[in-house]
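Here the structure is laid out as structure tokens; the discussion comes afterwards.
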Protein chains: 2
Amino acid sequence: MAKASAVLKRVLVGRPFRSDSLHETLLPKKLALPIFASDAMSSVGYATQEIMLVLAVGGVAFYSLSWYAAAAVVLVMVVVVASYRQNVRAYPSGGGDYEVATVNIGPKAGLTVASALAVDYVLTVAVSISSGADQLTSAFNGLRPYKLEIVIVLIVLIALINLRGVRESGRAFAVPVYGFVIGILGMGVWGLVRYLKGDEMQAPTHDYTVESHVAAPTGILLVFLLLRAFASGCTALTGTEAIANGVPAFKKPKSQNAAATLALMGGLAIAMFTTVTILANVTDVRVVNPAEGVLLRPDGSVVDGQDTVVAQVAQAVFGKTAPFYFVAFMTMIILVLAANTAFNGFPVLGSILAQDRYLPRQLHTRGDRLAFSNGIIVLAGAALVLVVAFNADVTRLIQLYIIGVFVSFTVSQFGMIRHWNRHLKTTRDAAERARMKRSRAINTVGFVLTGTVLIIVILTKFTHGAWIAALAMGALFVMMKGIRRHYDNVAKELRVDPDAEPRTLPSRAVGIVLVSTLHKPTMRTLAFARAIRPDALRGLTVNVDDEDTRKLQEKWERFGIQMPLEVIESPYRDVTKPVVDYIKRIRRESPRDLVMVFIPEYVVGHWWERLLHNRSAIRLKSRLLYLPNVVTVSVPWQLQSAQNLSADEPEWSRPGDLRMGVDSRGRPLTDAQSSS
Amino acid sequence: MAKASAVLKRVLVGRPFRSDSLHETLLPKKLALPIFASDAMSSVGYATQEIMLVLAVGGVAFYSLSWYAAAAVVLVMVVVVASYRQNVRAYPSGGGDYEVATVNIGPKAGLTVASALAVDYVLTVAVSISSGADQLTSAFNGLRPYKLEIVIVLIVLIALINLRGVRESGRAFAVPVYGFVIGILGMGVWGLVRYLKGDEMQAPTHDYTVESHVAAPTGILLVFLLLRAFASGCTALTGTEAIANGVPAFKKPKSQNAAATLALMGGLAIAMFTTVTILANVTDVRVVNPAEGVLLRPDGSVVDGQDTVVAQVAQAVFGKTAPFYFVAFMTMIILVLAANTAFNGFPVLGSILAQDRYLPRQLHTRGDRLAFSNGIIVLAGAALVLVVAFNADVTRLIQLYIIGVFVSFTVSQFGMIRHWNRHLKTTRDAAERARMKRSRAINTVGFVLTGTVLIIVILTKFTHGAWIAALAMGALFVMMKGIRRHYDNVAKELRVDPDAEPRTLPSRAVGIVLVSTLHKPTMRTLAFARAIRPDALRGLTVNVDDEDTRKLQEKWERFGIQMPLEVIESPYRDVTKPVVDYIKRIRRESPRDLVMVFIPEYVVGHWWERLLHNRSAIRLKSRLLYLPNVVTVSVPWQLQSAQNLSADEPEWSRPGDLRMGVDSRGRPLTDAQSSS
């Protein structure tokens, strides 16, 4: 079946890409930024909008409150970036939040972070692609009815590309990411110029009004609304931790470069977020959450399907000219790249968790393509379920999103405080201590602030859908703990006590060659069995047809095969049971003997040939596994159709390799070949 | 994966049934009739109706032509039953049409019949269940909007029951089949009584009129219409061949009993078909094919959704009283049983074809439940596709149905003629020769008549959908021929030329034990490897972690393991490639050596545990298969979770067993235990 699925994959996604090893080098800052920052920066595409959507319940007047929420978000961004610069310096190995939490707090904290991150990756895919489709349908309104279909196709496409195993490339990321930055900041500059010129810039919705289904909140409810808006705006922070997981991919000095890139990313993200927020207010953009109200045109008609804030701002600043389409398109592309980021980050996380035996081990083994492919399929499948269930509605998906991010932020910052405390105990050097104390202060502020945000998120979002994310995190936590427990139990069960262990060898080795007919595979098996020279050796055949058996016995004689041929009866055409019974009998008669069962096996070249051969052998082998002191010896015979296949596995660019700083063969990247 | 699907199956269909062996005996005629005749008799449920639907294009007046079509159908039934009585006597082995065609004409003819029968089984399921749902919705009109859903649920249900492995039972069949016979014939008797009494019996539609969308045909077109009606009526013959396939299940004298049962079945089917046809004419039933016209009430309104002819006749004779519901219900049940028959006949056909290597061999092996389950799923899946594509419309499905039946009738009768010719050449006894000549005459009439019907069917139905069935038969034919060619090629490739064969044994056996850590499975593997005493023996470990490898070497020393431990490097965590390369190197250095690779393997109890263990071992083994002169030795270690599993396979009642005359263990049934 694995082969059949490989064929299907071949058809769908083509041959595995072999990456051009010339470009496989460690990343300079200018290429690392686009790779690691696309996720964090892409949230500029929806963060301002989500703040405004929450506030819209209070009517048009409430939009002005977005200043407060946005300012608070910027503050959190500054603090989180500053905090993660400490993480990057202290943990250059790339374990990220999981490592920080595990080392400094304990395995449960680490596992909590890991569960949160895993859920987060799924939501990154769902939210980013849904928002990307919003950008597209804002530029081309005719596509709006097909939004869900567009989202599904994009997710499937990204999954296929990653199954194919294309390697991330800093160069490929650079154009759209820098294009996005230029687009948004250019929009800000041009907007400033027009503002100073006294041009009136108006969003297409500037004269629309909001009719809210709920009463405008006052007092404590107003505070709560503002907190909700702030919590929604905090989506701008998702993806900030990406660099902390990718330090090994940086050129030396790794930590320093990573910290610098983090600062640059933070600066750009804040600048872009602020730009969009200011422009949205200046140009009087109106948006409303369809669940809470409607947008009315000046003539009183209801707007059905709203454009994104970014698209509206771009239209206000540029009109429907080329720059408008450039901004909308770049925003869409960067959101798609952010989703792709999840497909690269997920395997890295899986590999780290598998190393600690929280996930099946093969996820840590290079080259086990099947395991990684399954991971990609799981990620895409979960994202598809989410977008279908939530109709690709960014606003509703956002409710699930930020809880995971802030769980991992908070736990990680707490871990960093402990990290510095531990190091302060042993460090004597005053300058060093001062530096550590400063770092600890930064991380403490980070912890307090992200913890506060987490509480706000839980308070304002839990019933709106965050409970689903929390539930998924809990389920993952329990599953991974179960896997670890299983591995631990098995390890305990298998531990050898060198003194208690009986060291006696089986007294004799009895060889049994399974024979159905005397063709070349059987002849080879007989020859091999004789070469191994067990203490006793015999052929064994199951009589399912008297005539065939008689012929076999004749040939056995005629070919002069120097071992006895035993015939066991099975008038009912079953092969497995008579053989198993026969071997059980041998085991009873001489329990100290080791029984070797030689089974000829065909090696075929096509997946469908597998359906036609070896089925009895496979069934028999799976049954013999349950008999103690019985080993099966597979003697392969390569059919002609298998001749063009080799024992070597094809090379494969694993998603996430670049983030771990390894090339497509799994070797650590170096600066040496760097061409830039 | 097989295990995972087994779990799914367990959840869906429960534990495999263990049949009560007390009831497992050969079938007396009274129990054989219901088992084998349900398919043939069930067509009474729709045959008359299909004739009338064709004729309705000519308007109400044309219904009277149904007498001619029905009479022709009865004639064909008589001839076909008489012909098959010859088959049953000449071929008591149960190979049926396939055997007759293969032996007397050749493999291609046999394969043609086999393809036709396979397609037929699919259509039996689709047509019978669709017609059964029609009967149900005729009794309970409120269910009509859900007909397709009812059909789908029924097909899935029957498939699940057969996956579970419940054994056919003559007793279980007897009640509904004899109930159906009593219902239909009772309806005839009661109708006759009422007719003689001068009661007016009127179908609910007796005063409706037919408005045809097409002009009433005249001249040659009228003949063509009559032929189409006749061809549709010939569906009454489907299933007649079932007894010929099931002779081994009969009590002795098998052939004689089978022939008698066949005659009884033919007589009952003709009686019932005639009853329904007469009553339909007497009670003025009106039905029309919605594709060709509409049925109008006396007030001119259009009828939307028609009741079946059987239901209308029953209502005319009995009114809406208990006997009406009895007839409708029994008709539905027998149609469902007919579909179940296909699920039992399909594996029997598959087993016979697999024996001749036209299908994968495991279909002929008893106990390979997976293979048979796949067959059931294929059958149900194909039927589901058909009912969905044709909206469970019996009239449209019928167009595809009969071509397969008559292909196999015609080819088989031609084979029988050749059979008698061959035997006549060698037989001298005059009485014997006379009997043979009489049989030949019957089969010749059968051949001419069924051949004529086949031509009529092709002429009148091909463009109406029969081409789909023909295409499917062609595809099956090509596939089965391809499988046979593959097996033949492999057999040729593997044939041993005793003189040309080099008889030299490998010079030495080199044992390599794969070691990752020194736990119990490894210790056992080492002990077994030593017990086998190859000429050279060493441990082999892949260094993926320096620290782990150092510990392993220390332990190796400490445990005093008396063989060298070789360490091969793999800084990139891949295990497969370094081992394959190492073994390739050994092969190059001493090409005449036999390399035995000992691999410890875990045996686990739960399907999910498989995902957590052995993955590296499985990958490595699959790669080593491609290296010549390398054998792999699997040394199983049974984990505690596997302790409650045994090497024995669970028993399973294979669908179709009873038809082949074997019990649930595959042993031929005997008369001995018979309790009736």
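Indices start at 1 and increase along the chain as displayed.
Cβ atoms here come from the backbone N, Cα and C positions, even for glycine.
Features as listed in TrEMBL:
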TRANSMEM  B:51-84  transmembrane segment
TRANSMEM  B:146-163  transmembrane segment
TRANSMEM  B:175-196  transmembrane segment
TRANSMEM  B:216-237  transmembrane segment
TRANSMEM  B:258-280  transmembrane segment
TRANSMEM  B:324-349  transmembrane segment
TRANSMEM  B:370-392  transmembrane segment
TRANSMEM  B:398-420  transmembrane segment
TRANSMEM  B:441-459  transmembrane segment
TRANSMEM  B:465-483  transmembrane segment
REGION    B:646-676  region 'Disordered'
COMPBIAS  B:651-668  compositional bias 'Basic and acidic residues'
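Of the candidate ranges B:146-163, B:175-196, B:370-392, B:398-420, B:175-196 contributes the most Cβ pairs within a distance under 8 Å of the transmembrane segment (B:324-349).
Highlighted: of the candidate stretches B:51-84, B:146-163, B:398-420, B:51-84 has the greatest count of Cβ pairs under 8 Å to the transmembrane segment (B:216-237). Each of B:51-84, B:146-163, B:370-392, B:441-459 was scored by its Cβ pairs under 8 Å to the transmembrane segment (B:258-280), and the highest score goes to B:51-84. Contact between the transmembrane segment (B:370-392) and the transmembrane segment (B:146-163) is supported: at least 3 Cβ pairs lie under 8 Å, counting only residues 6 or more apart in sequence. Tertiary proximity for the transmembrane segment (B:146-163) is limited to same-chain residues at least six positions away from its ends with a CB under 8 Å from its CB atoms, namely 9, 12-13, 125, 129-130, 132-134, 136-137, 336, 339-340, 343-344, 373, 376-377, 379-380, 383-384, 387-388, 391-392, 655.
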